[in-house]
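Copied over from TrEMBL, here are the features:
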type	residues	note
DOMAIN	A:49-264	domain 'ABC transmembrane type-1'
DOMAIN	A:347-543	domain 'ABC transmembrane type-1'
TRANSMEM	A:7-32	transmembrane segment
TRANSMEM	A:52-78	transmembrane segment
TRANSMEM	A:90-119	transmembrane segment
TRANSMEM	A:200-220	transmembrane segment
TRANSMEM	A:240-266	transmembrane segment
TRANSMEM	A:295-323	transmembrane segment
TRANSMEM	A:343-371	transmembrane segment
TRANSMEM	A:383-402	transmembrane segment
TRANSMEM	A:414-434	transmembrane segment
TRANSMEM	A:465-488	transmembrane segment
TRANSMEM	A:517-543	transmembrane segment
Amino acid sequence: MLRPLPLLTTLVLVGPVLFGLIGSILPASGLLMQSAETPFATALSWPGLPRALAISILSGVLSTLGALAVATLILAGWHGTRAFAVLERALSPLLAVPHAAAALGLAFLVSPSGWIFRIPANLLGWDRAPDLLILGDPWGLSLTAGLIAKETPFLLLMMLAAMGQADAGPRMAIARSLGQGRVAAWLKAVFPTIYAQVRLPVLVVLVFGMTNVDVAIILGPSTPTTLAVQVTRWMTDPDLAARAVAAAGGLILFAATLAVLALWWLGERAIGSVGRAWVWSGIGLPDRAARGVGLTLAGGSAAMVLAGLAALAVWSVAARWAFPDMLPEALTWRSWMRFGPDMAQTALTTLGLAVTATAVSLLLVIGCLEAEVRHGLSLGQRALWLLYLPLLVPQVTFLPGLQLLPLTLGIGPSIWLVLAGHIVFVLPYVFLSLQGPFRAWDGRLARVAAGLGTSQNRVLWRLRLPMLVSPVLTAVAVGMAVSIGQYLTTLLLGGGRVTTLVTEAVALSSGGDRRAIGVWGLGQAVAALLPFALALGVPAIVFRNRRGLRHV
Amino acid sequence: MRFALTLLAALALPTLSPAQTQPDPADWPAVTAQADGQTVYWHAWGGSTATNDFIGWVADRAGEMGVDLRHVKLTDTADAVGVVVNELQAGVTEGGSVDMIWINGANFASMKRENLLFGPFAEQLPNWRYVDVDGKGVLTDFTVPTEGFESPWAMAQLVFVHDSARVETPPTSAAKLLEWAQANPGRFTYPQPPDFLGTTFLKQMLIELTDDPARLSEPVGDDYDDVTFILWDYLDQLQPLLWRQGRAYPESGPRQFQLINDGEVDIAISFSPGEATTAIGNFELPESVRTYVLDGGTIGNASFVAIPVNANAKAGAMVVADILLSPEAQARAQDPAVLGYGTVLDMAKLSPEDRAVFDALDLGIATLTPTQLGTALPEPHPTWATRLADDWVARYGVAD
């Protein structure tokens, strides 16, 4: 029964991407749309291209390096301490916060008229905000900072999920006994194993950083924008020929992504050999400084995002609130009365989609992994890359083409298509979250059980899955957060008819009504937060008397 | 591969309705009969919460006629155009997903040129008899004749919004604006073209500066550089005096209001004379905000709704278009507590009771009277908007 599952899963993932790519390549080469003559030449001659591409690459690479460094430092320096437990509790909810909401909160916080600048404004009596270019700086540094703050919790959670299998305790003990400091010991003895497990999530972060649209619109530069934002603009240009240019732009971005991925791979090699030399050299690290930097950066970014969310919460109940007041003149429930009922209804659709997409994905993923165990039907390393295609091919490259595919089959936009689209993106994340812990589960337990006469099904249900309940729930929470955050997928495959919390929030963000954004942003954050609360809470309760399974 | 396709197909229940007979706009009872029970997907910009609430109210009215009106909230009208184009490319000539679009200007011109619109229907709507056909310029849209392919529902006119607590005598011409900016650097900006409001600012300044505004009603020609030279010269002087020295711009009109409220700028522009009053009521602007127009007048145009040629619920869409033209809906749209949009109706054609409703409207503290607004200047031909926006992006939108 399990045998067809790996193939089916691969097809579900790869089919849409391939069709989407074809749907982009044809118009980009001037085949599908007659009105566009030379889409590639037009895209290449766009005067902002070098700069836009540079910002895309810069913000993608820097934000990935930054998020990886912060997550690593905090895990290396503080794992197992009380400070870490506090920080983990503060960071995990941030993962669930929708990108757009987090970015809008941050924007209010750091802009020259925002909360931070209002402190000196009140002390020094400014009645006008200083004219400083903080948001949307030409090199995308605020964009990079915002992405780091948002991606650190994701990588941290992924690394934590891998920790259970990393054998960190004994390795640390040996490294420490050889005179290594805490951070150096972790980096030398534990990090290589962890990185091997979270490598694909890191690459996904890299691709997302280079190609995201919603964060870049809010925090990124506008003269010019990142290439992904410009592609979206072309896609929505009144001049219909621009759609073909958008397809070409999407493919250029795709090529750049491939090049960066290749460079990253080379970088991994280089750092691998340098690191090996470092391990053998026995040279340590300034432990105290490294721990301090890690805690400051992680704590700082958590504090910023949380303060941004607090700002959104205050805006959602604010009456008149002008510069330089720290708080609104009065509080009112008017915004919640006005937008709340609509939001509750949309939240139901959103959660319904998220639960269904995650359930289907989880079934496929566990089926695949179990087929691997029972029948040796491994997807193999190359097929595995195909599996991550939907995450590694930029959404702006293949979604427009994907919108055309169902139409050619006579299928109009519908909630079922949106669900199918969500599965395409949720499945890889569930797979990413679960495969490491699932494969790393100690197979000797299964052999012992089989030796005692236990069937394979019983091993799965009574032994493997219960022991893996923590990573399974993490995978569910990640899957739901991904579904809840799907913007372009929902918009394009639903033809705009399927509204979820994120499509509403992004539609509102162009209008800049902070009160409405506050209500919708908080609603989305809460919707995505619940599964994470469960992922943390359930294992703690189930394993209250199983210390070794708690991994935390 | 085929398996994945089948799976996709199986997941997507057939949603396209069977082909229906084309409604005949002239036979209104048949239209309303066919509309009963239809679901109309109205693709309209969703960035303004006041507009969204008004569309919700229209949906209630439509419900009374048996039409289920759903607002598909767009960040950009061109998204809806794209959906129609994609569908037609894929051979979906009936039962398409877009039933009605809030549209004007370049989007209308391109849809009409490509034969993507259903019609003519507008002049057969029962409430068309109230429309101010001569005075409001609803028969052309950015100089392109509408010919019944779109139905008007609101009037817009460019107004300048200023915080009277910070600006005592607001600048009322292009030259005065530059002077004011020199005295108050960093306190003015405009939405970044190709945003329609930002592009409108460029057109307004071009009309102000050029010697021959009539030239703009014709399509762009070889004399483009000669006509627009004076505008670029002006903008080159203005740019370093803008908010953030012109290195960043607000992305939309409402975003500028936020900047005024945040104390970052003192003057903004709006395409809806009542928007500022509405925003004050929603706490989005300080109570000291007022509006004004330039000495030489400002650009005005009408907002329309159009029905794509492959719309699924054409009859339902016509019913909604007719509701939008009803005196009740028009008075509600003009009420600054709701929307503050100008009406497209001719007061002289209304019944005394309906006229009384309009007369009783309190336009609000920051809304100019029709007399103060003056006659709106005509929109240039749509080719100017496109060309100016492209040129602006090349000059100021890509840095270096």
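In case you wondered, yes, glycine gets a Cβ from its N, Cα and C as well.
Automated prediction, rather than curation, is the source of TrEMBL annotations.
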**Interface-richest range of A:7-32, A:295-323, A:343-371, A:465-488 toward the transmembrane segment (A:240-266), CB pairs under 8 Å** = A:7-32
**Asked** Per the 3+ Cβ pairs under 8 Å rule, pairs at least 6 apart in sequence, do the transmembrane segment (A:90-119) and the transmembrane segment (A:343-371) touch?
**Response** no
**Asked** Between A:7-32, A:52-78, A:295-323, A:414-434, A:465-488, who has the most Cβ pairs under 8 Å to the transmembrane segment (A:383-402)?
**Response** A:7-32
**Sequence-remote partners of the transmembrane segment (A:295-323) [C-beta within less than 8 Å, at least six residues beyond its ends]** = 69-71, 73-74, 77-78, 83, 87, 90-91, 94, 97, 101-102, 104-110, 113-115, 118, 121, 127-129, 148-150, 152-153, 156, 329-336, 514-515, 517-519, 521-522, 525
**Message:** Tell me if the transmembrane segment (A:200-220) touches the transmembrane segment (A:52-78). I count contact as 3 or more CB pairs below 8 A, with pairs 6 or more residues apart.
**Reply:** yes
**Request:** For the transmembrane segment (A:343-371), find every same-chain residue at least 6 residues outside the stretch whose CB is under 8 Å from a CB in it, and list them.
**Result:** 2-3, 5-6, 8-9, 12, 377, 379, 415, 418-419, 422-423, 426-427, 430-431, 434-435, 438-439, 460, 465, 472, 475-476, 479-480, 483-484, 498-502, 504, 519-520, 523-524, 527
**Request:** Mind checking which residues of the chain, 6+ beyond the ends of the transmembrane segment (A:7-32), have their Cβ under 8 Å from one of its Cβ atoms?
**Result:** 38-40, 243-244, 247-248, 250-251, 364-365, 367-368, 379, 383, 386-387, 389-390, 393, 397-405, 420-421, 423-424, 427-428
**Fill in**
Lying 6 or more residues past either end of the transmembrane segment (A:517-543) yet within Cβ distance under 8 Å of it, the residues of that chain are 89, 92-93, 95-98, 100-101, 104-105, 309, 312-318, 335-336, 339-340, 343-344, 346-347, 350-351, 354, 466, 469-470, 473-474, 476-477, 480-481, 484-485, 501-502, 504-505, 508-509, 549-552
